[in-house]
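A.B. asks: Found this in Swiss-Prot, in case it helps:
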- 207-229: region 'Disordered' (REGION)
- 216-229: compositional bias 'Basic and acidic residues' (COMPBIAS)
- Arg425, Asp463, Leu464, Asp491, Gly492, Asn514: S-adenosyl-L-methionine binding site (BINDING)
Amino acid sequence: MVTKLFLRPHSLSFTLLSGIHLFPKTSLSKPITLCLLSTTATTPILTLTQTLDPNLSYGPSLHKGTKPLNHQNHQLIAATPGEEECVFDKEAFTRVFNLTAIRVPSKDCFALENRLRGHLLNWPRIRNVARVPGDEVEDGLVKLLGEKRNSSDGSESEGDFDSLNRRIYGKAEGDGEILSPVLYRDTLAKTFDSQGFANFRNLAKLSRPKKKKRRKEEERSEGKKRTGKNEFAMVEVVEDGEEGEDLRGLLGEEFKRKRWRGSTRLLLLDERYADKGVEELPEAIKAVLKEDTGQSMTSTFELVKCKLTLFYNYWQMNEILEALLPEGMIVPSAFEMVGHIAHLNLRDEHLPYKKLIAKVVLDKNKPKIQTVVNKTDAIHNDYRTMQLEVLAGNRSLVTTVIENGMRFQVDLATVYWNSRLATERQRLLNCFTRNDVVCDVFSGVGPIAISAAKKVKRVYANDLNPYAIEYLESNSVLNKLERKIKVFNMDGRRFINAMFTSDKAESITQVVMNLPNDAAEFLDAFRGIFRKKSRDKQLKLPMIHVYGFSKAQDPEFDFHQRIRIALSEVAVDVEMHRVRLVAPGKWMLRASFILPKSVVFAKAVLYM
């Protein structure tokens, strides 16, 4: 799996100070402090300063909103010299936004959401329909409690709930004054009959334990996640439009001073309407409120003030890094994934902050990412292994990669793997048929050889790296293809000579040479491979697929020239394909051509 890397600058101002620790203040308009340490020495201390722009773009931003009061004095837990991990205060990224919402019955919320879609919040990863504690009432309870009814003269008559509520709290009928304990007991005694409760039968039903089995703990916890605070956001009602009766005695503390209306939901309105009254709202919203008022003497829709709190987990990786890194620095916003490992290629300017960047990458991509590494040097050795530094997470570099439906175990410390070539490998596999016999000269752990073995007749795979051969053999067994793959561990030229001087030579139809730095230099090994055979014999010459890099202005012409020089053959019909741009001005290419007859019957090249 590959994540493309996009680098972009940002506009947060940066000040370099001296000191040991960095501390975030109440908002990004004040300094945020970081602890940036290496294993050998401390780096300069950085303080980040941001100026709020009154014309910020639509949507949530760390530049907008306020910090909650209990986080005003939060400071970073700074690491001390010698610690490997860089720790920063995640609470410093909590932001509170004041909003207006419409409280509506739960049965109407989705229809109204579609109707008012353009006037709702519509923020990424935030639902327009919000839940708060106490907004859900079971259907059975609603039926028992009933609701207020409108009489024929337009006045509201007493509902079942009002009568029941008075009896629960010992209030008199009519004026609703609280009865003395003696009168209350006397009233209760008169309501009894031979069958038990008469007027209290609803209360008796409420007090009985449920006959159904209680839900499992997992189900109850799942239901709780839908209300209140979750891992990245929380909605709270700050101000109700109207106070009602105190329902704590019947329904619990969550229903203190709420007007009875059954199960409800909040439709979060656009942030533009946060401080506006009803008359200032758009006509579409006012029409909904008027329709509801016209249908009933008591409106079931209600405007409420609420606040939306966004936590550290809400913000994207690039937003966090943009807030933490100095002004003008390019923000690394993506990386390559190899199994559970995130592979960074940090620039020199990022190295003082590598621990910080790795920490954010790990936080924002759990659980699929468990290790973050950075390449410390270019590939120079014959085994093509990279020098990697583990920056965060698990120290193990052994992982499992799934590609083209196959599983590959790799150890990035001892073998080479590039996930960015997955598309090219699939494109190459599409060139093969079920009758092909493939010869992979530089197979590595087998991304091409094993994937091809599922499709073609036979595969011969070779690599110089003994660790790669071990993983190649285990991966072939892992994918149940060991019977179709024969593995070799030798130099590329020796392998080509051994294969094409054996009885297998005439069966080989495809040769893959995926060693972009040096593959073209191995083409001279094909000169004279059939020199001992008769020219009159009908031979099916193999198709060669060779990869290479080119920094030339015309990369195709440059690579074609190198192929002709290596083969000592002028007339070579080559099909070129640009694989990817690996660096500014540097292309990776694939050249495909049928091995010329004049090359295979030429005199052999002597190697000194």
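Start at 1 and count along the chain as shown; that gives each residue its number.
Backbone N, Cα and C atoms are what each Cβ position is placed from, and that goes for glycine too.
Small disclaimer: the values here were computed from a predicted structure and weren't measured.
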A.B. asks: Of Asp463, Asp491, which of the binding-site residues has the most Cβ neighbours inside 10 Å?
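C.D. replies: Answer returned by the neighbour count: Asp463.
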A.B. asks: Only counting partners 6 or more residues apart, tell me which same-chain residues put their Cβ under 8 Å from the Cβ of Arg425 (S-adenosyl-L-methionine binding site).
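C.D. replies: Sequence-distant Cβ neighbours: Glu403, Asn404, Pro447, Ile448, Ser451.
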A.B. asks: Are there residues of the same chain, six or more positions away from Leu464 (S-adenosyl-L-methionine binding site), whose CB falls under 8 angstroms from its CB, and which are they?
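C.D. replies: Spatial neighbours, sequence-distant, of Leu464 (S-adenosyl-L-methionine binding site): Asp382, Tyr383, Phe442, Asn489, Met490, Asp491, Gly492.
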A.B. asks: Of the residues named as S-adenosyl-L-methionine binders, Arg425, Asp463, Leu464, Asp491, Gly492, Asn514, how far apart in Å are the Cα atoms of the most distant pair?
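C.D. replies: About 23 Å separates the two most distant Cα atoms.
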A.B. asks: Give the helix, strand or coil assignment DSSP yields for Arg425 (S-adenosyl-L-methionine binding site).
C.D. replies: helix
A.B. asks: Have a look around Gly492 (S-adenosyl-L-methionine binding site) and count the other CB atoms within 10 A of its CB, chains all included.
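C.D. replies: Gly492 (S-adenosyl-L-methionine binding site): 19 neighbouring Cβ atoms within 10 Å.
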A.B. asks: Taking DSSP as the reference, which of helix, strand or coil describes Asn514 (S-adenosyl-L-methionine binding site)?
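C.D. replies: Asn514 (S-adenosyl-L-methionine binding site) sits in coil per DSSP, no helix or strand.
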A.B. asks: CB neighbours of Asn514 (S-adenosyl-L-methionine binding site) within 10 A?
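C.D. replies: Around the Cβ of Asn514 (S-adenosyl-L-methionine binding site), 21 other Cβ atoms lie within 10 Å.
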A.B. asks: Using DSSP with the three-state reduction, classify Leu464 (S-adenosyl-L-methionine binding site) as helix, strand or coil.
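C.D. replies: Its secondary structure by DSSP: coil.
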